[in-house]
Amino acid sequence: MIQVLLVTICLAVFPYQGSSIILESGNVNDYEVVYPRKVTALPKRAVQQKYEDAMQYELKVNGEPVVLHLEKNKGLFSEDYSETHYSPDGREITTYPSVEDHCYYHGRIHNDADSTASISACDGLKGYFKLQGETYLIEPLKLSDSEAHAVYKYENIEKEDEAPKMCGVTQNWESDESIKKASQLYLTPEQQRFPQRYIELAIVVDHGMYKKYNHDSDKIKVRVHQMVNHINEMYRPLNIAITLSLLQIWSNKDLITVKSASNVTLNLFGNWRETVLLKRRSHDCAHLLTDINFTGNIIGLAYKQGMCNPKLSVGLVQDYSSNVFVVAVIMTHELGHNLGMEHDEEKNGKKCNCKTCIMSPAISDPPAQLFSDCSKNDYHTFLTNRNPQCILNAPLRTDTVSTPVSGNEFLEAGEECDCGSPSNPCCDAATCKLRPGAQCADGLCCDQCRFKKKRTICRIARGDFPDDRCTGLSNDCPRWNDL
């Protein structure tokens with residue numbers, strides 16, 4: 001059984017903010033400097049892992065203290081995850097690396113119900129977190145003999161090319177009229193409880209991208225793993241688990257002709273996937289990561305409603321930004337097309353309740369992380385009308401149960417509440433069980449160990465959305481579209 005170690009990192013902000021610096025993610029004009037200091041809490045029956053199942057970080061953002069809770073994304077890789085590259089003489093070399101003890105995490109900010117986080121802890125902390133509606137990126141500064149990290153906003157990254165970057169999918173390109181008409185209906189709250197679905201994703205890296213990263217396969221692997229971790233986080237609200245099934249790097253040469261005409265390349269890649277890749281490894285959808293510049297400022301393309309189709313369950317994504325978060329948003333967008341989603345602008349005046357969302361035809365600044373109501377409608381209609389079978393089954397992987405750790409703010413196996421302090425009036429710190437008479441110990445719909453009354457406001461509305469309200473049956477504050 002995998003044991004858990006709870007870790008607290010105190011990040012002290014450096015006395016000054018940097019004005020400009022060159023990072024892996026690009027040139028950044030304004031950033032904060034933080035220094036990790038590791039403080040280890042005593043776990044229960046701890047057996048040291050290289051990467052803990054649950055971690056906690058403290059840092060200051062804009063001078064305010066922030067607590068970041070992280071939990072390992074155990075569904076990131078399939079159990080039979082494989083990596084393939086090619087020798088100089090063209091031989092295919094496939095390995096099945098052990099990825100159970102990996103370094104990719106999801107999480108949230110303490111006391112911020114709308115927060116999210118997607119972090120790699122492989123070599124310092126790298127990724128993003130959303131705090132009070134703002135997206136921040138964090139990455140190591142790579143200074144000698146230093147644990148310094150930079151925290152900054154996406155808008156502070158210098159843009160090399162200000163031309164708008166577009167998705168190549170057009171309104172009626174590979175669309176289905178009956179699907180499109182049905183998707184104009186608003187979903188009822190019951191319909192918006194999306195069923196659990198699983199996508200086993202194959203990612204293929206073309207030879208141009210291999211050369212771009214100086215023939216460094218390890219660097220490409222880390223980049224792809226970070227990318228899929230981010231994609232997985234963005235699809236969680238739709239109850240879709242994205243699992244990386246295989247990674248193939250065309251290290252010797254391209255196995256199709258990669259052309260600047262994106263529609264031609266997509267067709268060739270779809271044919272190759274159907275006739276070659278699917279016969280070697282089972283998976284649900286394949287996307288090609290490429291370094292080529294597509295004509296028309298296009299950075300991505302996919303077949304709409306193509307999921308589970310042998311030829312059409314494919315997409316193209318240009319690795320056009322050094323910031324992996326940006327490329328992850330593009331692939332999230334193209335996967336949305338595979339799942340039946342159209343562009344938000346293509347709704348004939350219908351309000352989508354989102355100014356900048358993932359399915360906007362042009363990538364926004366900063367890149368969007370949310371799906372609009374229109375996208376949710378499209379996805380629901382796709383599930384109803386097409387019922388794609390390949391995404392029904394959960395991917396094979398080792399299901400590990402964490403050993404309970406008090407105070408990590410995640411409920412582990414056998415816990416009814418997160419123990420924390422022995423003085424907690426609702427939760428018994430010795431057993432991690434609720435005290436007699438207690439219904440809950442924490443949560444936005446918990447007050448003095450009892451569930452708040454039904455329809456009590458637990459999260460104030462933002463924009464056009466209604467307030468979120470308690471159900472009276474749980475300590476959780478459900479999104480309005482989950483009620």
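Placement of Cβ uses the backbone N, Cα and C atoms for every residue, glycine included.
The annotation in Swiss-Prot ties His333, His337 to Zn(2+), and of the candidates under consideration, His343, His380, the one tied to the same site is His343. The disulfide bond recorded by Swiss-Prot for Cys426 joins it to Cys449 [selected from Cys390, Cys449, Cys458].
Between Cys470 and the candidates Cys440, Cys445, Swiss-Prot annotates a single disulfide bond, the one to Cys445. Among Asp112, Asp114, Asp284, Asp291, the residue that Swiss-Prot places alongside Glu200, Cys390, Asn393 at the Ca(2+) binding site is Asp284. Matching Swiss-Prot disulfide entries to the candidates Cys432, Cys440, Cys477 identifies the partner of Cys458 as Cys477. For the Zn(2+) site, the Cβ centre of His333, His337, His343 serves as reference, and the other residues of the chain with Cβ at most 8 Å from it are Cys167, Val169, Gly300, Ala302, Lys304, Glu334, Gly336, Met341, Glu342, Ile358, Met359, Pro361. Using Cys354 (disulfide bond) as the reference Cα, a 10 A cut-off selects Cys374 from the recorded positions Asn293, Cys374, Cys446. The Cβ neighbour count for Cys477 (disulfide bond), using a 10 Å radius and every protein chain shown, is 20. Around His333 (Zn(2+) binding site), taking its Cβ as the centre, 30 other Cβ atoms fall within 10 Å, counting all chains. Excluding Glu200, Asp284, Cys390, Asn393, which define the Ca(2+) site, the same chain contributes Tyr198, Ile199, Ser282, His283, Cys308, Ile391, Leu392, Pro395 within 8 Å (Cβ to the Cβ centroid), listed in sequence order. Just so you know, the Cβ of Cys352 (disulfide bond) picks up 21 other Cβ atoms within 10 Å once every protein chain is counted. Ranking the disulfide-bonded residues Cys308, Cys417, Cys446 by other CB atoms within 10 A of the CB puts Cys308 at the bottom. A simple Cβ count within 10 Å picks out one of the disulfide-bonded residues Cys357, Cys470 as the most packed, and that one is Cys470.
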